[in-house]
């Protein structure tokens, strides 16, 4: 029984084992094929964007107006903040890495200050670049003043900050800023009176001055005295007080007519003035209404002539007042005698003719003067170029720039920087304004360093400070308050990667702006240059800054080599200290040179 039952149980247990294979379950599930297809489609869609991240160097430009600089700062509008958001919305950065740039190896080649623009800025990181059209998507998201030129693949260890050998900045300074007689302060204008090198106020700005030869002291000295003249002439009484007034008026008119005679215009005006005053003394009868009307009409006509002459800036105001007084003396009488009336009318007509001739002649003289003055105006010629480049050359080399930045002490190693070159050889004209293009190339720069270097150079060029003060300011033991030029003219021109390109030239693309030169030039002219020119024309930023460039605001500008800086350490040191400092400078320069060579290698 046992033997017979055994095969029976075996046959009974076999079928359940054959009914549990997986293919049968799959066949059973084919009744819900639509649900499985949807699930498969969703899984393929979620897996589709899983591309591999690539390390790239991205080239872009921006106009810094309205931004608080390049570097991201909480609570401030920055270029970096807008760019990070654009990268996320364009699909280059995943959701989990949003707002955390360290997770995708973010690095920038240079930091720019508030309001400073850039043409060749470079950032690096690991981004999704496989979906085509990343640059187009970024430019659609970003504002028009930020433009992405393109990107290039880089090595996995590439860092835009560490691998950047040099940075080139450009500062556009208006040509008039280098003119010592342009945009001077009030004290300089007043002290220039009678020196032969006079300065007169500009019309565009309350504190601005420009050099005008032979004009100073005439426009600004105009004081209307019409009430005094009328009260001295219109009196009918011949008492002693009126006689004294008329005598004083006669002496004033003599002096004014003498000034006119000095210009070799008219030599008989003294006699005319005398005869007119005598006539007014003898035949004054202002009570007649008809005479008063004639006087008022003729006086208003002469007033209009004097106003036109004054508005045109042609005739000196004292000459006009003298003419007006002589005319009033000739017209204020109402003589009953016909002969005297005819003489008076003839005299009035003669004075009108003389005034008209004088106006015409001075208009011609003024046109000639303006033409000559335009020919003599300041221009950035060869001599000015040579002198300005000589001033900028003091910065070239390895120096301690602690006076050319903020919050950096002289003992801090970060204060020592290396400047490769600094020159200003090109003049560009933007919207009718001439600018000198100052190009500086260095390893790296500190906060406000370039703007302070420009500020000191302009002060020396304008004669506000001696040239030796630059060398004094570069010393470690001296503290000087250096003027800071406005930020509007500064922009980052290009970041250079010489060592990286030399090392990886066989396997990776060259990191440079050569492929984007045309786009960069177009954006530069459209946004950066136009903004610099329009800001200077509308706000006069550089002109207003030049007014503060004086010894009152910057007393340290008076300190040259060997002078004591007030309230600071004296630049004077003994010979032994100088020798030690020179030796240390040589050691530091040698160290910097070795550093440069190793970097280039």
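Cβ atoms are placed via backbone N, Cα and C, with glycine included.
Of all ranges given (1-48, 49-96), TrEMBL attaches the label region 'Disordered' to 1-48. The average pLDDT computed over the domain 'Pseudouridine synthase I TruA alpha/beta' (393-497) stands at 96. Counting only residues at least six positions away in the same chain, the Cβ atoms of 69, 447, 448, 451, 487, 490 sit under 8 Å from the Cβ of residue 113 (active site, nucleophile). Take the CB of residue 169 (substrate binding site) and look out to 10 A: across all protein chains shown you find 24 other CB atoms. Taking H, G and I as helix, E and B as strand and the rest as coil, DSSP gives the domain 'Pseudouridine synthase I TruA alpha/beta' (393-497) the counts 31 helix, 36 strand, 38 coil.
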